[in-house]
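A short write-up of the structure that comes next.
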């Protein structure tokens, strides 16, 4: 009875570049048959009889394996040879590239010819550069060789040598690293002041629309000026300016009292002002200006807007706008407290000390700029 053939098995696709005809055959079920003539190992295939099938000989795989091996080894050799051929021509190219060396701790009297003479014995030098500042040499420089092989040889020979009592160091120069630039000046007009002092003395403070003094033109003229000494030049310019016209938001007499009087503090009592029938003169020394019945009238101080009208003007205007008659029934202050009579401390508080502009500026700087070194 004939044995049925096993199902046909096709060889797998070629792998690793090995042709399909040299791939090992698929495994077959091994059966033991007697009376069959063994096939010589040199044959690469198994002979089948019509009645019986012969098992696959062990020598078949052995005969096919060397064939596959003999095909792969030359391919690996060819690939290695190709890689070597690609690497060897590139080595001379790399050696021909220029290379830069960093030389540090050189004597301060060294100049470019001295450094060129020191390194010139090792090969052709393309460039020599010693770094200087305003005081002279900084003690290091750069030497650029035409070939990297000469640069490596110079680095090996000269690194650590003693030159005029100084041990020089020669290393490969690294790529230049661009450090972050310093942040730009926050003031567009070039003022280099801290925020507190810049707020007090900066021209922008006097150029805002809420400031009642017409100093915009003066501020624009001084815009961009690099100041010294706390911006005193521009500050003195504002002080030397003629007295400004009356504040638009307050009455003329009230403006003179607020601006040309000492700084009114919260505890000061209101000074009654006499009614004025004639137009207000430009200066208090005019004969047409009626005398004030206020104890402060003898002390006339021209206050800047920062210390007088702008900061304390709101509260002072409120206090001075109260009725001048002492028989007022009741009045309230800015905190909502209602008083049935005049301020009980009206006659106990005398005139405050008059501070000059420089003293007030010093007080402001000392109080709010405690971290300023001077």
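In case you wondered, yes, glycine gets a Cβ from its N, Cα and C as well.
Summarising the annotation, Swiss-Prot assigns compositional bias 'Pro residues' to 1-29. Taken from Swiss-Prot, the feature compositional bias 'Polar residues' covers 49-74. Annotation source Swiss-Prot lists domain 'RRM' at 99-175. The omega-N-methylarginine annotation in Swiss-Prot covers 223 and rests on a large-scale study or a structure entry. Taken from Swiss-Prot, the feature asymmetric dimethylarginine applies to 223, 319, supported by a large-scale study or a structure entry. Here Swiss-Prot flags 1-105 as region 'Disordered'. Sequence annotations record features per position, and here Swiss-Prot assigns site 'Interaction with RNA' to 100, 108, 109, 133, 138, 142, 166, 176 based on similarity to another entry.
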### Task
Restricting to the domain 'RRM' (99-175), report the mean pLDDT as a whole number.
92
### Message
According to DSSP, does residue 133 (site 'Interaction with RNA') sit in a helix, a strand, or coil?
### Response
strand
### Message
If you measure from the CA of residue 142 (site 'Interaction with RNA') out to 10 Å, which recorded sites from the list 100, 108, 109, 133, 166 are inside that radius?
### Response
100
### Query
Of all the recorded sites given, namely 100, 133, 138, 166, which is spatially nearest to residue 108 (site 'Interaction with RNA') at the Cα level?
138
### Rounded Cα-Cα span from residue 166 (site 'Interaction with RNA') to residue 133 (site 'Interaction with RNA'), Å
20
### Query
Roughly how many Å separate the Cα of residue 109 (site 'Interaction with RNA') from that of residue 166 (site 'Interaction with RNA'), to the nearest whole number?
12
### Query
In sequence order, what residues of the same chain, 6+ apart, have a Cβ less than 8 Å from the Cβ of residue 100 (site 'Interaction with RNA')?
142, 143, 144, 145, 151, 172, 173
### Query
What is the total of other Cβ atoms whose distance to the Cβ of residue 133 (site 'Interaction with RNA') is within 10 Å?
7
### Message
To see if you understand the setup: which same-chain residues, six or more apart in sequence, place their Cβ under 8 Å from that of residue 138 (site 'Interaction with RNA')?
### Response
131, 132
### Query
Taking 108, 142 as the recorded sites to compare, which has the smallest set of other Cβ atoms within 10 Å?
108
### Task
For the recorded sites 109, 166, work out the Cβ neighbour count at 10 Å and name the residue with the minimum.
109
